[in-house]
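Trainee: Take a look at this one; I'll ask things after.
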Amino acid sequence: MTYAAEDFDYEGLPIGSPMYAHLLAGAFSGILEHSVMYPVDAIKTRMQMLNGVSRSVSGNIVNSVIKISSTEGVYSLWRGISSVIMGAGPSHAIYFSVLEFFKSKINASPDRPLASALAGACAITISDAFMTPFDVIKQRMQLPSRKYKSALHCATTVFRNEGLGAFYISYPTCIAMSIPFTAIQVATYDTCMSFLNPNAVYDPTSHIISGGLSGAIASSLTTPLDVVKTLLQTRGSSSIPEVRKCKGSLDVVRFIYNYGGIPSFFKGIRPRMVVAMPATAVSWAAYEAGKEILIRVSKTSQA
């Protein structure tokens, strides 16, 4: 038995769908999102270091890719991706399943962007608790020092030298950044979808456009907090003594302001947006595609 696109509620899995359906769709989207633009994310991390590492890259993303590839090898742009893959799949599975749970509980919909934003904030708070240690390892691996042989070696070295707290020192900042980022992203996404896909039919183009726009807007507005997060997560590897002495977000904020004023809070904004637009578009499109596949499988099995 076949089904037309309009026979499926593309925006949601069937009522009563098992949690693993949301987990699988979320994991699929998370791995794709973080893998597609990983080299550009590595450039963004270096730009935000505010030391000699940041001078190894330029404001031009293409030139930075060419320079790093020629001096350090192409592989250096992908160092740490194993940590992202290990963390992104489960964390996005958690994020999307929690998002769908809260959206159903508070009746979030495209015409209620504030409810969607609240659901997104709840979801990211929980998923970031899982992802933050993996992000710390990723950013340490993205630096050119080569002091870590692998993601596992990085994790054990950081734990031995800096303790468990090093993996979570940036968590409050991550939440302070991720909640507005996700709230803006989800609200913008749902608002765009209400215009581009008002009938909620299977339309990947609308998911890609809405996802890209929501990612660009959310990433640009939250870049200052991302700079703070990067310095916190890499402080143990920083060549700047003042950074290594920072004990929390406020210390880092003061250092950044004294270092270069307001412009320093927007270091890496271009690569951050370049990463966020396609990554968010891929994330939403992959998640919605995963849901659509699971819906079809469910419908077929019930036929």
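The backbone N, Cα and C atoms fix where each Cβ goes, and this holds for glycine too.
Annotations for this protein, taken from Swiss-Prot, read as follows:
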type	residues	note
TRANSMEM	12-32	transmembrane segment
REPEAT	17-105	repeat 'Solcar 1'
TRANSMEM	81-101	transmembrane segment
REPEAT	111-195	repeat 'Solcar 2'
TRANSMEM	117-137	transmembrane segment
TRANSMEM	174-194	transmembrane segment
REPEAT	206-293	repeat 'Solcar 3'
TRANSMEM	208-228	transmembrane segment
TRANSMEM	265-286	transmembrane segment
Trainee: Which residue counts does DSSP give the repeat 'Solcar 3' (206-293) for helix, strand and coil?
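Mentor: Breakdown, helix to coil: 76 helix, 0 strand, 12 coil.
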Trainee: Report, as numbers and ranges, every residue of the chain located at least six residues beyond the transmembrane segment (265-286) whose Cβ falls under 8 Å of a Cβ in that stretch; write 'none' if there are none.
Mentor: 25, 28-30, 32-34, 36-37, 40-41, 43-45, 47-48, 50, 54, 59, 61, 92, 185, 189, 204, 207-216, 218-220, 223-224, 226-228, 230, 256-257
Trainee: Same chain only, please: residues at least 6 beyond the ends of the transmembrane segment (81-101) with a C-beta under 8 Å from a C-beta of the stretch. Say none if there are none.
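Mentor: Beyond its ends, the transmembrane segment (81-101) has Cβ neighbours at 12-13, 19, 22-31, 33-35, 38, 119-120, 122-124, 126-128, 130-131, 133-135, 137-138, 141, 150-151, 154-155, 186, 283, 287.
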Trainee: In the repeat 'Solcar 2' (111-195), how many residues does DSSP assign to helix, to strand and to coil?
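Mentor: Its residues divide into 71 helix, 0 strand, 14 coil.
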Trainee: Take the repeat 'Solcar 2' (111-195) and average the pLDDT across it for me.
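Mentor: Reported value for the repeat 'Solcar 2' (111-195) is a mean pLDDT of 88.
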